[in-house]
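Asks: Quick one: structure below, then a few questions.
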Amino acid sequence: ASRHVGAAMASGRLRCCCCSCCGEREGRSPEELTILGETHEEEDEILPRKDYESLDYDKCINEPYLEVLETLDNKRVRRYELVKWILVFCIGVCTGLVGLFIDYFVHLFSDLKYQIIEKSVEDCSERGCLALSLLELLAFNMGFIFLASLFVLIEPVAAGSGIPEIKCYLNGVKIPGIVRLRTLICKAVGVLFCVAGGLFVGKEGPMIHSGAVVGAGLPQFQSISLRKIQFNFPYFRSDRDKRDFVSAGAAAGVAAAFGAPIGGTLFSLEEGSSFWNQALTWKVLFCSMSATFTLNLFRSGIRYGSWGSFQLPGLLNFGEFKCADGDKKCHLWTAVDLAFFVIMGVIGGLLGALFNCLNRRLAKYRMRNVHPKAKFVRVLESLLVALVTTLVVFIASMTLGECREIPSQMHNTTLLLSERNVNSSIKTFFCPNQTYNDMATLFFNLQETAILQLFHQDGTFSPVTLSIFFVLYFFLACWTYGVSVPSGLFVPSLLCGAAYGRLVANVLKTFIGMTHIYSGTFALVGAAAFLGGVVRMTISLTVILIESTNEITYGLPIMVTLMVAKWTGDFFNKGIYDLHVELRGVPLLEWETEAEMDKLTASDIMEPNLTYVYPHTRIQSLVSILRTTAHHAYPVVTENRGNEKEFMKGNILISNNIKFKKSSILTRAGEQHKRSQSMKSYPSSELRNMCDELVTTEVAENGEDMLQQMLERRHVPYPNLYPDQSPSEEWTMEERFRPLTFHGLILRSQLVTLLVRGVCYSETQSSSIQPRLSYSEMTEDYPRYPDVHDLDLTLLNPRLIVDITPYMNPCPYTVSPNTHVSQVFNLFRTMGLRHLTVVNAVGEIVGIITRHNLSHDFLLMKLRQHNMTM
C-alpha cells in the first residue's frame with residue numbers, strides 16, 4: 001500500500017511539474033482550479049461543484065397529496081387540464097409579445113442610428129470630416145452598450161444567451177434567479193440595446209430564455225421581484241409542473257425567433273427536457289404555434305398595415321429561395337453539389353471547433369481576471385468590445401470595401417428583403433452611381449438584412465471582401481460572446497457561415513467554372529455548417545432551418561451538412577453551450593452513459609455517509625441537523641424491523657443526528673457519545689439556553705433528567721449488551737452495527753415548513769393531536785421556502801416532537817446495490833429524480849445517489865478507482 005501511495009505522490013508531482021508551463025496552477029486550491037476549468041490531473045478535466053441544487057420532478061405521494069386526489073373527480077381533472085391548455089396558450093401569446101417588443105425597438109433605434117450615420121458619411125465624404133461620423137457612431141454604439149451593461153449589473157443572470165442556463169434547468173438543475181421576472185425585464189431590454197448598439201450578437205437566443213421565464217412565472221400568478229403581484233392560485237406549485245411550462249416557453253421562444261413551431265418543440269425535446277410524454281408534446285407544440293401566430297399577426301400589421309395577413313412569421317426569416325425566371329439551367333442544388341456540401345460540413349465543423357476553443361479560453365480568462373473584480377470592470381470590458389467593434393466596422397467599410405455594379409434585374413430581392421427596401425439595404429459609401437460598397441452593405445445593416453443579402457442578392461460580393469468580412473466577424477463574434485451583456489449566438493453564426501458559403505460559391509464559379517450553381521444555396525449550407533459546428537445541434541436545427549426557408553427540398557443538404565459538422569467538431573471539443581455549462585461546473589446529465597460504465601454498480605457510486613431522521617423526532621434534533629448539514633433530503637428510518645409495528649402506531653420517540661460509517665450498513669455504536677453531546681452543544685444559543693432551562697425545571701420537579709436517561713439507555717449498541725461493555729474486535733459486523741429499515745424520504749423544505757407552522761406534539765400526548773397541514777399549505781411558499789436560519793427559535797420548544805410520517809414520501813424510487821450504472825442513470829434521468837435511495841434485499845438503506853454521483857467526471861473517477869482495484 002505504501003508503494004502505491006508513493007507512486008501516486010510521485011506521479012502527482014510529475015503532473016504538476018508538467019503543467020507548470022501552463023500557468024501558476026500549483027498555488028491554486030482545488031476549488032479555484034475547478035472554477036477555472038483546470039485540475040492537477042488533466043488540463044481539460046472539470047469536476048462539478050456541489051453548490052447547484054437539483055430540481056425534484058418526482059411526485060411526493062404523501063398524505064396531503066392523497067387528500068387532494070380524493071377530492072378530484074373526472075370533472076375536476078378535465079377543468080385542471082383545460083386550465084393548463086389556457087395557460088400554455090397565454091405563455092405563447094406573451095412570448096410573442098416579448099419578441100414584438102424587442103423587434104420593434106431594435107428596428108426603431110437601428111433606423112435612427114443608421115439614418116444619422118449614413119447622412120453624416122455622405123456629407124463628410126465631400127467635406128473630409130469622416131472622423132466626425134466615426135465619433136457619432138461611437139456615441140450611439142457605446143451609449144447603447146453602456147445601458148445594456150447596466151441591466152446586467154442589476155441582474156447578472158441576464159448576461160449571455162441564456163440557452164445554457166435553460167438547458168440546465170430543463171435537465172434538472174436549479175440555476176438561481178434564472179426564471180425571475182427581473183431577469184426577463186433585464187434580458188429583453190438589454191438585448192435590444194445590444195443589437196442596436198452594433199455588437200455582433202443576436203436577439204434570437206435571448207428570446208428562448210425570455211420564453212422560458214414567461215413559462216415559469218405566468219402559471220404561478222405571483223412574483224418575487226414585484227411582491228404586489230400576488231394571487232391566490234395554489235395550483236402548479238411544484239418543480240414538475242414548472243418544468244413542463246418552462247419547456248413550452250422555451251419552445252415558444254424558438255418559434256417566435258425563427259417562425260419555426262415544430263423546430264421549437266424539437267428544441268425543447270433535444271436540448272433540454274429529461275422527461276417527455278405525448279401530452280406534453282401537444283402542449284408545447286400548441287404553445288409554439290400561439291407564439292408564432294401572435295408575433296406574425298402584430299408584425300405584419302405594424303409593418304404593412306394589413307391586419308389579419310400573416311407575412312412575417314418570425315424575427316428571422318430567410319425568404320424564398322428560387323432561381324431567376326428564364327434561367328432553365330439553374331437548380332437550387334444537384335447531386336453533384338451534395339459532395340461539396342459534405343466538404344463544407346467538414347470545414348464548418350473545424351471552424352466551429354476553433355471558435356469554441358477560442359471562446360472557452362476567453363471565458364476562462366474572464367473567470368480568472370474579470371469576474372472576481374469590481375462590477376464596473378465588466379462594464380468597461382463591454383465598452384471596450386463595443387469600441388473595437390465600431391472601429392473595425394467603420395474602417396473596414398470605408399477602406400476595404402469594393403464598388404460592385406448593381407444588377408439591372410434584382411428579380412425578387414425587394415420581396416425577399418421583406419423588412420427592408422433594396423435601396424436602403426444596399427450601401428453606396430464612396431461608390432459612383434449604379435455601384436454599391438459590398439463591405440458596407442454587410443456591416444452597415446442589421447444582421448438579419450445582411451444574411452438576406454448573402455442569401456438572395458444577385459449582385460456579387462468579391463472573394464476578398466467575403467474573406468475579410470468572415471475573418472473579422474469570426475474573431476469579433478468569438479470575443480463578444482461571453483461579455484456581460486445579453487447576447488445570442490444564432491444570428492452571428494448564421495451570418496458568419498453565410499459569408500463562408502457565399503465565398504465557396506464565388507470560388508466555384510470563378511475558378512472551377514460552375515457558373516450555374518445557386519449562390520444562395522451555398523450561403524445557406526455554409527450558415528448551417530458553421531452554426532452546426534458551433535452549437536452541435538442536429539434534429540431541431542435541421543427543422544428550424546427548413547421552416548425558416550419554407551423549402552422542404554433543402555432537408556437533405558441541411559441534415560447532411562449538420563451531421564458532418566457535428567461529427568467533425570465533436571472530434572475536438574463539445575458544443576459552445578455544453579462548454580459553458582462545463583465551465584460553470586453544472587452536473588449536466590447526458591442522454592446516456594458510456595458502455596464501459598457498466599463495470600460499476602450502484603454501490604460503487606452511491607454516497608454512504610448520510611444523515612437521516614426518525615419518524616418521531618424532537619424539534620431540538622431537527623433544527624440541529626438542519627443547521628449543521630446542507631442536505632436537501634433525509635431518509636426516514638427505524639432501528640430494526642421489529643419496531644415497525646410500533647413505528648406505525650407512532651409510539652416511538654428516537655432522536656437523530658446519526659451518520660453512516662460503513663458503505664453497506666449504518667453504524668450505531670460510534671455515534672452514541674457524539675449524539676448525546678450534540679443535544680447540549682446546540683448551534684443556537686437561544687434554543688440551548690431554553691433547553692437547559694427546561695431540563696433544570698424537570699430535574700427540580702421530577703428529580704431526574706428524563707432526556708439524559710433516555711440517552712444513557714440508548715448508549716447500548718445492541719440489545720444483548722450491557723452499558724458497561726465496550727465494543728470488542730471479536731464482534732461480528734452484525735453485532736457491531738445495527739441495520740436501519742428504510743421507510744421513506746422527506747425533503748429539507750418540508751421539514752422547515754413543519755417547523756415554521758408549529759406542527760408538533762408533546763411527549764405526554766399522542767401524535768394524533770398534532771396539527772395537520774394541507775397540500776396547499778405545504779406548497780404555499782414554493783419556490784422559495786423559508787430557511788432554517790431564519791426561524792425564531794424563542795418560539796420553539798425543543799422538547800416537542802414532530803411526527804414526520806404524514807409528510808414524507810413513503811414510496812420513492814429505489815434501486816438495489818447491485819444495479820448497473822446504466823440502469824441507475826436511465827432511471828434517474830428519465831424520471832427526473834433528485835434523490836435515488838439504494839436499499840438492499842431486506843429493506844435496509846445502504847446509500848443514496850444524487851445528480852453529482854451520476855455526472856460524467858464523477859463516473860470516470862470511480863471507474864479509474866475500480867480499474868485500479870481490479
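In case you wondered, yes, glycine gets a Cβ from its N, Cα and C as well.
Keep in mind the model is a prediction, meaning the values are calculated, not measured.
What TrEMBL records for this protein is below:
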DOMAIN    808-868  domain 'CBS'
TRANSMEM  85-110  transmembrane segment
TRANSMEM  130-154  transmembrane segment
TRANSMEM  184-201  transmembrane segment
TRANSMEM  245-267  transmembrane segment
TRANSMEM  279-298  transmembrane segment
TRANSMEM  338-356  transmembrane segment
TRANSMEM  376-400  transmembrane segment
TRANSMEM  464-483  transmembrane segment
TRANSMEM  520-546  transmembrane segment
Asks: Going along the chain, which residues at least six beyond the ends of the transmembrane segment (85-110) come within the CB cut-off of under 8 Å?
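Replies: Contacts with the transmembrane segment (85-110): 144, 184, 188, 191-193, 195-196, 203, 206-207, 210-211, 214-215, 218-219, 236, 245, 248-249, 252-253, 255-257, 283-284, 286-295, 298-299, 302, 315, 419, 446.
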Asks: Compare 184-201, 376-400, 464-483 by their Cβ pairs under 8 Å to the transmembrane segment (338-356) and return the stretch that comes out on top.
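Replies: Maximum Cβ contact count belongs to 464-483.
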Asks: Give residue numbers and ranges for long-range contacts of the transmembrane segment (279-298): same chain, 6 or more residues beyond its ends, CB-CB under 8 A.
Replies: 84-85, 88-89, 91-93, 95-97, 99-100, 211, 215, 244, 247-249, 251-256, 259-262, 264-265, 268-269, 273, 307-308, 310-315
Asks: Give me the stretch from 184-201, 376-400, 464-483, 520-546 with the greatest number of Cβ pairs under 8 Å to the transmembrane segment (245-267).
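Replies: Highest pair count goes to 520-546.
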Asks: Do you know the mean pLDDT across the domain 'CBS' (808-868)?
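Replies: When the pLDDT values over the domain 'CBS' (808-868) are averaged, the result is 88.
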Asks: From the DSSP assignment alone, can you count helix, strand and coil residues within the domain 'CBS' (808-868)?
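Replies: Helix, strand, coil within the domain 'CBS' (808-868): 27 helix, 14 strand, 20 coil.
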